[in-house]
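Residues annotated as heme c 1 binding site in TrEMBL: B:C83, B:C86, B:H87. Sequence annotations record features per position, and here TrEMBL assigns heme c 2 binding site to B:C231, B:C234, B:H235. The annotation domain 'Cytochrome c' is assigned in TrEMBL to B:61-164, B:214-345.
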Amino acid sequence: MKKIYPLILLVMLSLSSCAEDLDDNLKAAVTTQFNFTHNWNGLPVTAADFNTVKFANENSDSLSIERLRYVISDLTFTREHGEQLIIEGHHLIDVSEDIGLVYSPELEIPTGLYTNVSFTFGLNNEYNAQNHLDLNSVSFNVPEMLGGGYHYMQMDGKFIAASGEEVGYNYHSIRAVDNPGSNPTFPQDTFFTVDLGAINLENNATFEVKMDISEWYKNPNLWDLNELHTVLMPNSEAQILMRENGQSVFSLGTVTQ
Amino acid sequence: MKYWSVFVVFVMVLSSCSTDDSKGSVSYEAMPTPLPLNIPPVFQENVLGPIIPNNNPQTVEGVALGKKLFFDTILSGDETQSCATCHSPQHAFSDVTPTSAGIDGDFGTRNTMPLFNLAWNYGERFNWDGSDLSIERQAITPVENPIEMHSNWEGVIAKLKDHPEYPELFKKAFGELPISKTLTTKAIAQFERTLISGNSKFDNYLMGEVDLSPQEQNGLNVFMDEARGDCFHCHGSPSNPLWTDNMFHNNGLDAVFTDLGLGTVTGDPSDNGKFKSPSLRNLAYTAPYMHDGRFETLDEVINHYSEGLQNSSTIDPLMKKVSQGGVQLSAQDKADLKAFLLSLSDPSFINNPDFIN
């Protein structure tokens, strides 16, 4: 019997020790999933809505969408004192092909209060200059004469021009560039941060990230497709307008956990 | 006490050995030898790896069998045509006529697609209309198509089984599995995956081994310039040296469709008139061009994009200035673009002894 007492004591101490760790040092980590949904002024949009002239932008241009794909990067969870947990890398969303609409980062996130969840629309300049085999493989590149790197977004479709004819448009967002050629210059960054807001992460969480496509055409710059519908990649002014309009495109939808 | 544990483990190990031995004499069946694809450096550095199905790994024996089958007329009804009859090696495995004649002299409606870099077709939709979802499946159709080889698989398999060489070749490639349509097309697919082209002048330029001529350099600029050629959105770039996006587009060939292309396969009217973007490699050897072989020369192709576009409801929005017929390239830009495109041709591919019978 004397031998059993030390054993019981040891077990009690072990259990007590575990409890302290869980409370004070070890935070549980949870998985996150980001579901990208798309709408036009609140009406849901999927690939099934593509290829038909069924949308009207703020400038009253009737238009279709035939191709929509974009890249996001550096998903970031920010704590109260500015500490950031950054999931490095990028994720391509191709609405037209129903590819990448769900993004499930491998990295698990500690539970707790985060003052902001954010991501980069497009790629920051340093990352954009790197070689990304997956983006090369789907021809998402920007020509070297325009600085190289990758598209941030490729939205193609057709609109009814003022002449009444159906005309193709290519709303392609890239890093704004001037002086195309061997020594291009870059007037302003055009990737931007999308803030989704605060979250108290308690369990595995699913975030809905909503893109209101109509916002690309209206806020704050009223977009006239008759004026700006193609060859926008070498047009730095158009790229800066896209960046400005992009600020109100994304919002946080439902969060479940 | 601990010696007992060691003893028990020792006995278990011995017992395990004994169990194996009790099965009698072990037969050492020759296993096929793995044969990794010979991936060009420009691919390794720029694009994702090849697609090889788990149930059909590349092997020396499988590729050898596939090559023999590819060049063998035994697959056709009257034993006059092989795969290579239409997929001619010296033409980058394409045909010189707009469409190809089958064993009965009947012509199809589509141009024979060249065969190279097939393992980098990430979407795995093959044919001009994307109708076959793997190389293995693609290899099934021509054998039984009445306007192609006009045979039937049952008869082909019977002939292969009775052949003096094939049974042993199948055994080496696939073991004791009986000769079948599945194994036959697997072998052909293995051979076709080895048809890799990545040694053109432009590939060597990317590797820093040669320079482009001023004409080729300007042609590249036309290709990459959204305001001029704007070819890169569909046909790759120096960063995507496959020179195709592997996708389907209506490139403005017709105002009224006689061939619905992808639309026939999907049943979606918005896919009507869409065909696969072919790779621009080896254009020097693959005339005539387009899904129906309507253009005999590269000049005609360039003129089409410059002045010949036909509008239709499904024309790709990437086709510029459709109402004017196209991007209106200057004569100099056209000539330079052609020079650049020809720099993507790879003589070592069509002369590779591994690819010739």
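Using N, Cα and C of the backbone, Cβ positions are placed for all residues, glycine too.
Structure coloured by features recorded in TrEMBL.
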residue	record	CB count, 10 Å
B:C83	heme c 1 binding site	25
B:C86	heme c 1 binding site	24
B:H87	heme c 1 binding site	22
B:C231	heme c 2 binding site	25
B:C234	heme c 2 binding site	20
B:H235	heme c 2 binding site	22
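Contact with chain A, taken as any Cβ pair under 8 Å, is found for the binding-site residues B:C234 out of B:C83, B:C86, B:H87, B:C234. Between the C-alpha atoms of B:C83 (heme c 1 binding site) and B:H235 (heme c 2 binding site), the distance comes to 27 Å. Summary of the heme c 2 site environment: with the site residues B:C231, B:C234, B:H235 set aside, the chain residues having Cβ atoms within 8 Å of the Cβ mean position are B:F223, B:D230, B:F232, B:H233, B:G236, B:W243, B:T244, B:D245, B:S277, B:L280.
Cα of B:C231 (heme c 2 binding site) to Cα of B:H87 (heme c 1 binding site): a span of 26 Å. For the domain 'Cytochrome c' (B:61-164), residue counts in helix, strand and coil come to 41 helix, 6 strand, 57 coil, using DSSP.
Secondary structure at B:C234 (heme c 2 binding site), taken from DSSP and collapsed to helix, strand or coil, is helix.
Looking at B:H87 (heme c 1 binding site) and B:C234 (heme c 2 binding site), their Cα atoms lie 24 Å from each other.
Summed and averaged per residue, pLDDT over the domain 'Cytochrome c' (B:214-345) gives 97. Between the CA atoms of B:C86 (heme c 1 binding site) and B:H235 (heme c 2 binding site) there is a gap of 25 Å. The heme c 1 site is set by B:C83, B:C86, B:H87; from the centre of their CB atoms, other residues of the chain with a CB within 8 Å are B:F70, B:S82, B:A84, B:T85, B:S88, B:F93, B:D95, B:S100, B:T112, B:L115, B:P142. According to DSSP, the secondary structure content of the domain 'Cytochrome c' (B:214-345) in residues is 51 helix, 10 strand, 71 coil.
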